[in-house]
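Student: Below you'll find the structure I mean.
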Amino acid sequence: MSPQTETKASVGFKAGVKDYRLTYYTPEYQTKDTDILAAFRVTPQPGVPPEEAGAAVAAESSTGTWTTVWTDGLTSLDRYKGRCYDIEPLPGEESQFIAYVAYPLDLFEEGSVTNLFTSIVGNVFGFKALRALRLEDLRIPPAYSKTFQGPPHGIQVERDKLNKYGRPLLGCTIKPKLGLSAKNYGRAVYECLRGGLDFTKDDENVNSQPFMRWRDRFCFCAEAIYKAQAETGEIKGHYLNATAGTCEEMMKRAIFARELGVPIVMHDYLTGGFTANTSLAHYCRDNGLLLHIHRAMHAVIDRQRIHGMHFRVLAKALRMSGGDHIHAGTVVGKLEGEREVTLGFVDLLRDDFIEKDRSRGIYFTQDWVSMPGVLPVASGGIHVWHMPALTEIFGDDSVLQFGGGTLGHPWGNAPGAVANRVALEACVQARNEGRDLAREGNEVIREATKWSPELAAACEVWKEIKFEFDTIDRL
């Protein structure tokens, strides 16, 4: 017998394939405060027991592979392996269950959302033993979240920078999103800001196309910002989209924005990638720029109920990677979002400590230990009649963003902005007086139309516009 064979035998190596559950299903395991916890919705192939499927998820997203390998004897699997510690049936779903998996902290690089996702969701979703797999939630322990900078500034610092308190902020996405020249684009920005909005915005796919190169757009938008500020006495901003084909180009655009003296830039964090986003967030903190985040591509990942990843996980990842705003659905507009589920991840974005609440889809108590919060952005198919509901649902710490609901005003861009600002001020005043916006919202808007012909015209245009499709984002 060779020395190598003797060594393998001495550590108990036995080649072959064994069930995952023998190693990775540990219902007796007591989770640690430092563990990263995951809740997976698992749909196994017919004939695969839940314990085996849950253990396979834990194995393939941590230390496991399809066969026994002799190098297992060179490390401590018990220290590094993921563990499926609980299986929870789903009422009314015979073929699905929730598998809870605990991962030891040492499996993950500090301060890297990229490494976190590569480990937990990078490979296991293509596993043949599973028909479908969805990551519903993650618990990020303080020991790990403290390795991240998080948002460049956070909610309170942003309000202090803007000197705006006691109400939601108002925004507008410039439309048409593609095709305008830089000068005409800047004109629309000026008209909206002059009319009373706090922000205007590049759409997610406005980067640097032949009809409008990024440098020209940045310059004309900066001119619009300064002109509107001088005329209104308010601090204004435009989300200048720095997203680019390379990280170097992205940083060049952010640096140019800072040199122009504008307050905020923007990034598409999913298409741009977490590594690029974290780099940009660090630059923004160091240089006093706010960072608006668009979630373009999120529905490819999060819209299916049984496969992919819920947006609450993407929201937590963004808070760690860094962003001061992120789009979060509207509940009442044209884009997906069920009320309680939406408010669940809105709280995960804004609050320091969020209790477990399965009625809102929150599987774990989350303690952010003073990491700055992120402002949720409500955007997509909303107009002045939605203002009471949006004010009541999202509260003051939010951005309400009306694209077509501003630029579609029959009198033009500036009157559209005036209508939205008047509607917002009326709703905030009514709420502060103790009125119930959920019940009296339409009456509040009608009363305000007496003092604002711009609002009256907007109410007439959009009085019958509704998006009455059922949401598929349900618990």
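One-based numbering along the chain as shown.
Just so it is clear, glycine is given a Cβ too, placed from its N, Cα and C backbone atoms.
As listed in Swiss-Prot for this protein:
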- LYS175: active site, proton acceptor (ACT_SITE)
- HIS294: active site, proton acceptor (ACT_SITE)
- LYS201, ASP203, GLU204: Mg(2+) binding site (BINDING)
- PRO3: N-acetylproline (MOD_RES)
- LYS14: N6,N6,N6-trimethyllysine (MOD_RES)
- LYS201: N6-carboxylysine (MOD_RES)
- LYS334: site 'Transition state stabilizer' (SITE)
Student: Can you give me the same-chain residues 6 or more apart in sequence from LYS175 (active site, proton acceptor) with a CB-CB distance under 8 Å?
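Tutor: Long-range Cβ contacts: ASP203, GLY403, GLY404, LEU407.
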Student: Would you mind pulling the DSSP three-state label for HIS294 (active site, proton acceptor)?
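Tutor: For HIS294 (active site, proton acceptor) - judged by DSSP and reduced to three states - the answer is strand.
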Student: Rounded to the nearest angstrom, how far is the Cα of HIS294 (active site, proton acceptor) from the Cα of LYS201 (Mg(2+) binding site)?
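Tutor: About 10 Å separates the two Cα atoms.
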Student: Across all the protein chains here, work out how many other Cβ atoms are within 10 Å of the Cβ of GLU204 (Mg(2+) binding site).
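Tutor: There are 20 such Cβ atoms around GLU204 (Mg(2+) binding site).
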Student: Which are the residues of the chain, LYS201, ASP203, GLU204 excluded, whose CB is within 8 A of where the CB atoms of the Mg(2+) site average out, their centroid?
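Tutor: Neighbours within 8 Å of the Cβ centroid, excluding LYS201, ASP203, GLU204: THR173, ILE174, LYS177, ASP202, ASN205, VAL206, TYR239, ASN241, MET266, HIS294.
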Student: Can you tell me the CA-to-CA distance separating HIS294 (active site, proton acceptor) and GLU204 (Mg(2+) binding site), as a whole number of Å?
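Tutor: Their Cα atoms are separated by 6 Å.
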Student: Look up ASP203 (Mg(2+) binding site) in the DSSP assignment and report helix, strand or coil.
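Tutor: It is coil.
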Student: Including all protein chains shown, what's the count of other C-beta atoms within 10 A of the C-beta of ASP203 (Mg(2+) binding site)?
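Tutor: Other Cβ atoms found within 10 Å: 18.
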